[in-house]
Amino acid sequence: MNKKSVRDIDVAGKKVFVRVDFNVPLENGAITDDTRIRETLPTINYLIEKGAKVILASHLGRPNGEFVDSLRLTPVAARLSELLGKPVAKADEAVGDAVKAKADVLNNGDVLLLENVRFYPGEEKNDPELAKQFAALADVFVNDAFGAAHRAHASTEGIAHFLPAVGGLLMEKELDVLGKALRNPERPFTAIVGGSKVKDKIGVIENLLKIADNIIIGGGLSYTFLKAQGYEIGKSLLDKDRLELSLSFIEKAKESGVNFLLPVDIVVTDDFSADANTQIVGIDGIPADWEGIDIGPKTREIYADVIKSSKLVVWNGPMGVFEIEPFSHGTRAVAQACAEAEGYTVIGGGDSAAAAEKFGLADKMDHISTGGGASLEFMEGKALPGVVALQDK
Ligand SMILES: Nc1ncnc2c1ncn2[C@@H]1O[C@H](COP(=O)(O)OP(=O)(O)OP(=O)(O)O)[C@@H](O)[C@H]1O
Ligand SMILES: O=C(O)[C@H](O)COP(=O)(O)O
């Protein structure tokens with residue numbers, strides 16, 4: 001990282017405002033995956049050991065500038081306290097006199113978690129007034145929220161204009177791993193792009209065409225590419241505004257010698273449910289009233305071979321509707337191949353990370369990013385505002 005990190009500054013006795021990404025999945029108020037909390041422990045423990053007064057801030061969900069009780073950070077404070085093995089004070093607001101009073105009585109090594117920063121309309125607007133109020137709570141700003149680094153918000157970007165600003169250890173790790181992978185990739189470098197949002201993934205494919213040796217396309221994304229080549233895709237997902245662009249990627253890959261892999265067979269279904277009828281068809285055999293839901297067995301084999309013989313694999317987006325068991329085989333095969341690959345495997349957050357976890361293969365991957373959208377924007381080659389705002393080394 002060409003930005004200063006928490007290791008480059010003196011934090012002893014200082015109040016440190018640490019922006020973390022504790023945007024964890026909740027079900028009936030219980031945290032169902034605490035990865036994002038666990039991944040911030042190195043930074044928090046480092047600050048505790050150095051005698052800093054740690055003030056943590058995060059968003060949770062999208063409350064749109066209003067106080068929403070179900071999106072309070074109370075369960076997160078409890079889980080963090082368990083993980084740290086020490087009490088974590090919790091504020092019911094993120095700014096104001098009551099919060100300031102709580103911050104002012106912290107002893108060295110104490111931890112305070114502020115309330116959800118998105119309860120304030122100024123957060124997502126990057127309002128300098130709100131950023132100033134956050135800054136007034138502390139002496140130093142540490143950004144460890146890689147998952148929110150693509151957002152220019154008051155607690156991720158704005159605050160950095162009012163306090164000395166450095167990166168946390170998770171931020172440093174994410175940028176180093178993803179940066180090293182993409183800037184100087186070990187070859188063959190294989191990028192796997194799946195999922196359902198064609199619009200969101202187009203940018204990443206465009207950038208990958210410049211750096212990858214193999215690009216594997218799967219999931220809902222594939223059908224726009226198949227349709228662009230003239231195949232019938234039935235009721236499968238389609239982004240009809242991006243047909244030409246998809247075709248141009250296939251052409252560009254040919255010109256630049258990139259191996260651009262699309263499915264050769266497909267699992268199709270007549271209904272989006274576990275007990276629906278399914279068939280395996282070639283790409284020229286999708287029935288007009290059925291939809292593609294997973295990659296077929298031949299495709300799985302081809303993709304797995306390419307993945308296993310790669311030196312670097314970066315994966316973003318499932319190969320099919322893996323949440324429904326009969327349509328999970330393609331994603332499972334790709335996850336298994338990543339786990340078995342000799343090379344370095346990086347998962348770009350979001351659903352692919354959830355899939356690897358579900359199949360019990362997460363610990364076989366070399367790096368699972370805590371950023372979904374953030375890792376995607378990073379892979380697109382875009383600057384992340386939460387990183388740009390930090391002090392240069
Ligand atoms: N053939 C398909 N038809 C419809 N939906 C699909 C298909 N293949 C995969 N999906 C769905 O795509 C969703 C994930 O798509 P998305 O583009 O959000 O990827 P992602 O990996 O979550 O991205 P991010 O990592 O940025 O969060 C999954 O819920 C999956 O069920
Ligand atoms: O989950 C994420 O990708 C981050 O926490 C950012 O959340 P957002 O998409 O609501 O800004």
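Including glycine, each Cβ sits where the backbone N, Cα and C put it.
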Of the candidates Arg151, Arg183, the one that TrEMBL places in the substrate site of Asp21, Phe22, Asn23, Arg36, His59, Leu60, Gly61, Arg62, Arg118: Arg151
Recorded ATP site member, picked from Glu172, Glu255, Glu323, that accompanies Lys201, Gly292, Gly349, Gly350, Asp351, Ser352 in TrEMBL: Glu323
Listed in sequence order, residues not in Asp21, Phe22, Asn23, Arg36, His59, Leu60, Gly61, Arg62, Arg118, Arg151 with Cβ within 8 Å of the centre of the substrate site Cβ atoms: Ser58, Asn116, Gly147, Ala148
Most crowded position, judged by CB atoms within 10 A, among Gly61, Gly292, Gly349 as binding-site residues: Gly292
Candidates near ligand 1 among the binding-site residues Arg118, Gly349, Asp351, Ser352, judged by a Cβ under 6 angstroms: Gly349, Asp351, Ser352
Secondary structure at Arg118 (substrate binding site), reduced by DSSP to three states: helix
Listed in sequence order, residues with CB under 8 A of Lys201 (ATP binding site) and six or more positions away: Val193, Gly195, Leu221, Asn316, Gly317, Leu376
Neighbourhood of ligand 2 - binding-site residues from Asp21, Asn23, Lys201, Ser352 with Cβ under 6 Å: Asp21, Asn23
